[in-house]
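Lifted from TrEMBL, the feature list:
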BINDING   120, 455  Fe(3+) binding site
BINDING   487  hydrogencarbonate binding site
DISULFID  39-76  disulfide bond
DISULFID  144-240  disulfide bond
DISULFID  193-219  disulfide bond
DISULFID  216-225  disulfide bond
DISULFID  274-288  disulfide bond
DISULFID  375-412  disulfide bond
DISULFID  385-403  disulfide bond
DISULFID  479-549  disulfide bond
DISULFID  589-610  disulfide bond
DOMAIN    36-371  domain 'Transferrin-like'
DOMAIN    372-698  domain 'Transferrin-like'
């Protein structure tokens, strides 16, 4: 095992920042020609505003503001931290993340929708006949809860605040984090209605609701206990209470006031239960709240807080054509009331004034808390992992994640095997090695919505060679991205089907028999014999290296991903050295298998048929002997992150981009094209695309294990990986001799 460093803080503090090619390194006092830089995050639909309003600000000569586009709110946080932006709008959850990450900002204004001091306050309302006079009397009572599944304005942390305060939390090792929480509530309350999804996996969700059915006993539909229940949602607990089913309801204060006004219930039958052990009547002018959620705020760099507060406070819609009105259109979610924070405050002191809010983020069901150790291989990966850790914690995702940096994926896989870390995210090229050498198994797959975004292994040849079927490639020269990768194993599998599974030959022997020569980069060989004569420029480029091998004339066919072929000729670095065009090459579609010769047109119309195998763009691997409990915990945590920060986020703007650019860099930790995380390699059950690489490997294992080959200890030839490494030396003179330079 090589260096494996715990990098909790480095991951959060190491970033690359660029803005229009320049790096801003210091705070400079605002002059007449400079403008305040507001970081803007585009949302969906009516919240996609940057393209509409930012050009208007730029065109207005009097405007004192210019836009800096952020990928998400935490991206804006980093931009302010590094001086690339001066201010932006943040949620209270973002502020907690900023505080935990050491980002210093000042709060200048609140963006309110009403005159209330907080966006909302949460209260406990009790039935006066239930015999409850303090929180200690809630044992064996009936709870009306808003449920789960609408996290846009009601995070899991706030939803569970009552139970976190009054229910003794357990940490039974044989139960998942979520089941521990569910069990403790089930044991504490006589009955409840907690509708909506308890966990992300529907099967596990049904199992838990059947096992702890008293937590659905008060719902309208006890069996389903879903978001369609009449007692689910913000007003649901209050109807549950006043319909006579519950003893205590957990609800927003504004909803309590609306409910008891509109329903004309007998208000003297119910009271507020206070955290300090007192009870107040519902008609009190000063109700007691357990926890509050602060308003969205304007947060700024420390050096510009006063000027930006004055600027934001002056914004109005009085003159529709003014830049002030344009800026207000840009930053407001609704027509809002902007309130100065006076005096201007640091993040920590501002949040301290919000009753219960910071303490809500400090509860944990297990001491010490359970952690998922994620292995990263670069500073930028570790940085993204660190921000993902902080964002997940703020939204109550458990277990939390920890980020540990290793030198490369091989070291990460070894670290997972040896229980130094828990999870590594790998490419399809590393999947076979992960399973065969390190005894790892998939936890989840990065699935894509478009078939074209999958890793499609194809054979690329020159059109002038007039190859029309795979058998035409016999005695040609082949180029591969790497040894034991998806292309290598796919071709070896196809060759074995061309011969017979009963022939006791290794994959390298099959390739050596079929091709005249092959360039197969392999880091497993010592430097003196590393890949024979494969040119250096072919060795470290993966798919691009294999394509260089092809276009340089050293090879006749390259086995690569279809997307790499599409992107190769448009790559700035590669295009400088290319004297050929994409139109000179084709994707070989096997005539013998498909019934007609390959044409570019044919491939585009029948992409399902012309690939040799397909795989997801990435997958997370864990130890093969991981317990079922740990697997459920870890998978649920990542699926929760996907729900909150993935492509289908529910908030107005994204907190953090899980699948997309990070600080301007593509494919960091996860692939940009990923649409969702799934337990299987497809995003939908209707995806029946043939030639799955996962299935190919399974068939290969089954057929290999059924071979009855007897080798003596002297020649030690086996289909196992370690023996295959020896074969690289034995066959190296033939596999790579063509490329000797």
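Any Cβ shown, glycine's included, is placed from N, Cα and C.
Here the features listed in TrEMBL are painted onto the structure.
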| residue | record | DSSP (3 states) |
| --- | --- | --- |
| 39 | disulfide bond | strand |
| 76 | disulfide bond | helix |
| 144 | disulfide bond | strand |
| 216 | disulfide bond | coil |
| 225 | disulfide bond | coil |
| 240 | disulfide bond | helix |
| 274 | disulfide bond | coil |
| 288 | disulfide bond | coil |
| 455 | Fe(3+) binding site | strand |
| 589 | disulfide bond | coil |
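When Cα-Cα distances from residue 144 (disulfide bond) are compared across the recorded positions 39, 274, 375, 455, 487, the shortest belongs to 274. Under a cutoff of 8 A between CB atoms, and with a sequence separation of 6+ in the same chain, the neighbours of residue 120 (Fe(3+) binding site) are 153, 252, 253, 254, 292, 293. In this structure, 610 is the one among the recorded positions 225, 479, 487, 610 with the smallest number of other Cβ atoms inside 10 Å of its Cβ. Taking the Cα of residue 39 (disulfide bond) as the reference point, the closest of the disulfide-bonded residues 193, 403, 549 is 403.
Among the disulfide-bonded residues 193, 375, 403, 412, 479, the residue whose Cα lies closest in space to that of residue 455 (Fe(3+) binding site) is 479. Geometry remark: residue 549 (disulfide bond) versus residue 193 (disulfide bond), CA distance 64 Å. Here is what falls inside 10 Å of the CA of residue 240 (disulfide bond) among the disulfide-bonded residues 193, 219, 225: 193, 219.
Minimal Cβ crowding within 10 Å, among the disulfide-bonded residues 39, 288, is found at 288. With the fewest other C-beta atoms within 10 Å around its C-beta, 274 stands out among the disulfide-bonded residues 216, 274. Note on the domain 'Transferrin-like' (36-371): its mean pLDDT in the predicted model is 93. Between residue 225 (disulfide bond) and residue 403 (disulfide bond), the C-alpha separation comes to 36 Å.
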